[in-house]
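Report on one structure; see the data block that follows.
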Amino acid sequence: MVSIVVHKPSFSYPSVSSSSMKKKPRHHQQLKQHRQNQYNNNGFTSLSFTKPSPTPLLIEKQSIHRTQLEALDSVITDLETSAQKGISLTEPEIFASLLETCYSLRAIDHGVRVHHLIPPYLLRNNLGISSKLVRLYASCGYAEVAHEVFDRMSKRDSSPFAWNSLISGYAELGQYEDAMALYFQMAEDGVKPDRFTFPRVLKACGGIGSVQIGEAIHRDLVKEGFGYDVYVLNALVVMYAKCGDIVKARNVFDMIPHKDYVSWNSMLTGYLHHGLLHEALDIFRLMVQNGIEPDKVAISSVLARVLSFKHGRQLHGWVIRRGMEWELSVANALIVLYSKRGQLGQACFIFDQMLERDTVSWNAIISAHSKNSNGLKYFEQMHRANAKPDGITFVSVLSLCANTGMVEDGERLFSLMSKEYGIDPKMEHYACMVNLYGRAGMMEEAYSMIVQEMGLEAGPTVWGALLYACYLHGNTDIGEVAAQRLFELEPDNEHNFELLIRIYSKAKRAEDVERVRQMMVDRGLET
């Protein structure tokens, strides 16, 4: 493997706390005490991960009458009772099976209880149990706790299992550099990666966004004999697409001998991510021709981005024939499709027929009515349905108020956003308010919103809204201030210069018009 300048993190965690974990477990103190007492020496023996155990059968039988989680809880409670009575629990198969069940159910609290039941010598001497414990913590978002267990595994170099789990845990948390550091540490420790290592580390690489690192890992996986493994190559396609090299992504895609639905969806998503709709539609057609059904995520992405209404209608028909019209993400995308084409009746019909709705559904239908007051009616329905709006919801309703001149409603909603829903205003919300006041001719209020009420430095969208309002209402003084800030923030945006020229033209200030035009010439902008 090749080396890379990614500093391995220093892992020293004296305690488990909210500052050191991505999630705070209920058994904080138990974990802390457990780690202090659990390990005394090293020396592990391997245990087959697939060794049969009676515990799954026990849980399966109990699941007939109770949920799996209740059955798991019952088994652990029985074992805890036995331990309290001094009955020795030494069967590794039981603990391995319980950890497997906790992992499959993502039952981290139950996993902590199992962790407490494992005898210290068994945890020290059984690589299989330690590895499963690492996987459980890592998969549930406790990568740092998993790393503590991992650091005490003396023979962890005998298998990539625990390494893979920890790499995956960091990658899922967005700690991509930590995941990459572990991968390169594997090479230093002489641990041979397997087909499960590469998809995990490629995900981390895609998060970092480095094609150079990705190419190095590509060479590694070919050297290790996985150059034609569809599972690995699918991850490679995603990595190159996320790192910005869609050509390499397509080259890898074309190399896959037996493409599965993940291969096709990965390439389709990659094209959509890069805005290459024509290429995405070609992949979509090829998928259908090859008998591969695009998943609902891919279908939703295509529907939301398709430019031709004819193509959109054809896709809608295709969706109906496959009975997918009322899949939540697909229905949401159809609302966007029809509303963008001005087909509000069809968009409303789909929304009204939906069996379930999420925030995206409400946002889509509210945004569809951004030019009329009906959007506020949907917002009120959303409130009555106890659906929780988000920042996007308020961008839509505030834009609606600006477009329709509903100043008081806009002010009320802006206040409601933070006071009732706890959503802190962001740049786009302030831009909406400036637009609201500006369109209504309330220039002083618009300017005051920027210089007195904003808790952050105004960006181009905010100053741009103010400059446009100055153009609409012929306010030269504030317009000059807004233009000057925009010239500093966006020195190459000729639209800002053109708006100032129009403001001066309205005011019949010919000399200032020529001065701004000369500024454009000096900066190499078109006039």
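Residue numbers in this text run from 1 along the chain shown.
Yeah, the Cβs are placed from backbone N, Cα and C, and that goes for glycine too.
Going by Swiss-Prot, these are the annotated features:
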- 1-47: transit peptide (TRANSIT)
- 12-44: region 'Disordered' (REGION)
- 21-35: compositional bias 'Basic residues' (COMPBIAS)
- 126-156: repeat 'PPR 1' (REPEAT)
- 159-193: repeat 'PPR 2' (REPEAT)
- 194-228: repeat 'PPR 3' (REPEAT)
- 229-259: repeat 'PPR 4' (REPEAT)
- 260-294: repeat 'PPR 5' (REPEAT)
- 295-326: repeat 'PPR 6' (REPEAT)
- 327-361: repeat 'PPR 7' (REPEAT)
- 367-389: repeat 'PPR 8' (REPEAT)
- 390-425: repeat 'PPR 9' (REPEAT)
- 426-457: repeat 'PPR 10' (REPEAT)
- 462-527: region 'Type E motif' (REGION)
Which bits of the chain, at least 6 residues beyond where the repeat 'PPR 5' (260-294) starts or stops, bring a Cβ under 8 A of a Cβ in it?
230, 233-234, 237-238, 240-242, 244, 246, 249-250, 253, 301-302, 305-307, 311, 318, 322
Summarise the model confidence on the repeat 'PPR 3' (194-228) as a single mean pLDDT, whole number.
96
Per the 3+ Cβ pairs under 8 Å rule, pairs at least 6 apart in sequence, do the repeat 'PPR 8' (367-389) and the repeat 'PPR 7' (327-361) touch?
yes
By a Cβ-Cβ criterion of under 8 Å, what residues six or more beyond either terminus of the repeat 'PPR 6' (295-326) are in contact with it?
261, 265, 268-269, 272, 275, 277, 280-281, 284, 288, 332-334, 336-338, 341, 353-355
For a three-state summary based on DSSP, what are the helix, strand and coil counts in the repeat 'PPR 5' (260-294)?
26 helix, 0 strand, 9 coil
